[in-house]
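> Before I ask anything, let me first share the structure, which is written out below as structure tokens.
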């Protein structure tokens with residue numbers, strides 16, 4: 001297996017955007033290591049959860065460092081995952097490698113679930129209220145909703161049973177992500193890596209080792225350096241200050257919001273007046289990635305020759321960034337009015353991305 005990976009024929013012209021996958025693998029390994037070490041000192045007892053985090057920071061040798069590496073590592077993991085998905089979208093990997101794309105989207109979904117469960121574990125104010133608000137979305141499911149919420153909570157409110165099962169699932173899911181990542185790599189080896197030109201010819205390829213292992217090592221060092229700088233100099237940059245306050249069911253935070261990497265979906269959820277409609281839009285904002293391989297009917301034109309596709313892609317990127325900003329804003333005007341049209345634009349761009357290939361293909365045939 002290792003020999004197969006090292007001798008993988010890799011295109012000579014791949015850019016830095018092809019480094020994201022290996023960087024994600026490194027961060028996943030780091031998250032597994034720090035997570036296992038932290039779990040040795042964490043207590044999922046309702047009365048002890050917040051105190052155990054304080055204990056890790058104050059009393060465990062290097063505990064503060066492990067916790068901050070784990071928390072900020074999750075943010076970097078999603079940052080590079082979005083860059084990885086963006087590269088796949090831009091260079092149309094969903095057409096060239098549909099199975100790789102499908103497994104990748106599944107990894108993304110499981111990662112989001114894992115991150116949400118981990119966000120609840122410190123049992124701070126935002127942990128408690130975030131868990132209450134997000135799990136309560138299940139009540140929008142017709143007929144079965146209220147029963148599903150109580151089943152997830154393990155009672156009539158978020159409490160000890162909720163925290164216990166969230167801790168168990170948060171511990172298990174990263175191993176599922178690792179298995180899916182291995183499947184992702186196996187499917188990638190079926191055709192080999194794509195490149196900016198979109199061809200899969202083996203004439204201009206070199207073995208992965210040593211050329212690209214050295215290149216990836218540079219990326220590892222740079223990313224690890226950035227993670228250390230954030231951890232040492234600005235540890236709370238990507239964290240929510242509300243979570244430094246112990247959970248109190250009697251005091252509601254002024255603004256309940258998830259971590260920054262979920263804000264685009266949160267903005268889409270809030271933009272729909274109907275609760276059920278908002279939940280459906282929230283799910284579809286991610287599940288729509290599954291439908292991309294079906295949208296182009298196997299016709300792939302190199303992105304350098306498809307100006308329409310490039311314009312649509314960058315409109316989607318800008319829309320995503322603005323939705324992320326809106327998700328962090330208060331629930332008031334003009335932010336609510338902006339979220340509606342941008343949600344529509346977000347879904348429209350995915351539809352047009354698939355159609356643009358066929359449109360461009362027909363225009364070329366006409367010429």
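Just so you know, glycine gets a Cβ as well, placed from its N, Cα and C.
Checked Swiss-Prot, it gives:
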BINDING   70, 170  heme b b562 binding site
BINDING   84, 184  heme b b566 binding site
BINDING   189  ubiquinone binding site
TRANSMEM  20-40  transmembrane segment
TRANSMEM  64-85  transmembrane segment
TRANSMEM  101-121  transmembrane segment
TRANSMEM  166-186  transmembrane segment
TRANSMEM  214-234  transmembrane segment
TRANSMEM  276-296  transmembrane segment
TRANSMEM  308-328  transmembrane segment
TRANSMEM  335-355  transmembrane segment
> Considering only the binding-site residues 84, 184, 189, which residue has the minimal Cα-Cα separation from residue 70 (heme b b562 binding site)?
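Checking each of 84, 184, 189 against residue 70 (heme b b562 binding site), the shortest Cα distance is to 84.
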> Restricting to the chain of residue 170 (heme b b562 binding site) and a gap of 6 or more, list residues whose Cβ falls under 8 Å of its Cβ, or answer none.
114, 117, 118, 121
> Quickly jot the same-chain residues contacting the transmembrane segment (64-85) by Cβ under 8 Å, restricted to those at least six beyond its ends, or write none.
17, 20-21, 23-24, 27-28, 30-31, 34-35, 37-38, 53, 56-58, 104, 108, 111, 115, 118, 223, 226-227, 230-231, 235, 237-239, 259-261, 289
> Of all the binding-site residues given, 70, 84, 184, 189, which has the fewest Cβ neighbours within 10 Å once its own Cβ is left out?
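Minimum Cβ neighbour count within 10 Å, taken over the binding-site residues 70, 84, 184, 189, occurs at 189.
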> With Cβ-Cβ distances below 8 Å as the criterion, list the same-chain residues six or more beyond the ends of the transmembrane segment (335-355) that contact it, or say none.
89, 264, 267-268, 270-272, 281, 284-285, 288, 291-292, 294-296, 309, 312-313, 315-316, 319-320, 322-323, 326, 329
> Could you give the Cα-Cα distance between residue 189 (ubiquinone binding site) and residue 84 (heme b b566 binding site), in whole Å?
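Residue 189 (ubiquinone binding site) and residue 84 (heme b b566 binding site) have their Cα atoms 17 Å apart.
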> Against which stretches of its own chain does the transmembrane segment (308-328) lie, if we need a Cβ under 8 Å and a gap of at least six residues from its ends?
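Distal contacts: 86, 89-90, 92, 257-258, 260, 262-268, 270, 301, 335, 338-339, 342-343, 345-346, 349-350, 352-353, 356-357, 359-360.
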> Before we move on, state whether the transmembrane segment (214-234) and the transmembrane segment (20-40) share at least 3 Cβ pairs under 8 Å, counting only pairs 6 or more apart in sequence.
yes
> Taking the transmembrane segment (20-40) as the reference, which of 101-121, 166-186, 276-296 gives the largest number of Cβ pairs under 8 angstroms?
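Maximum Cβ contact count belongs to 166-186.
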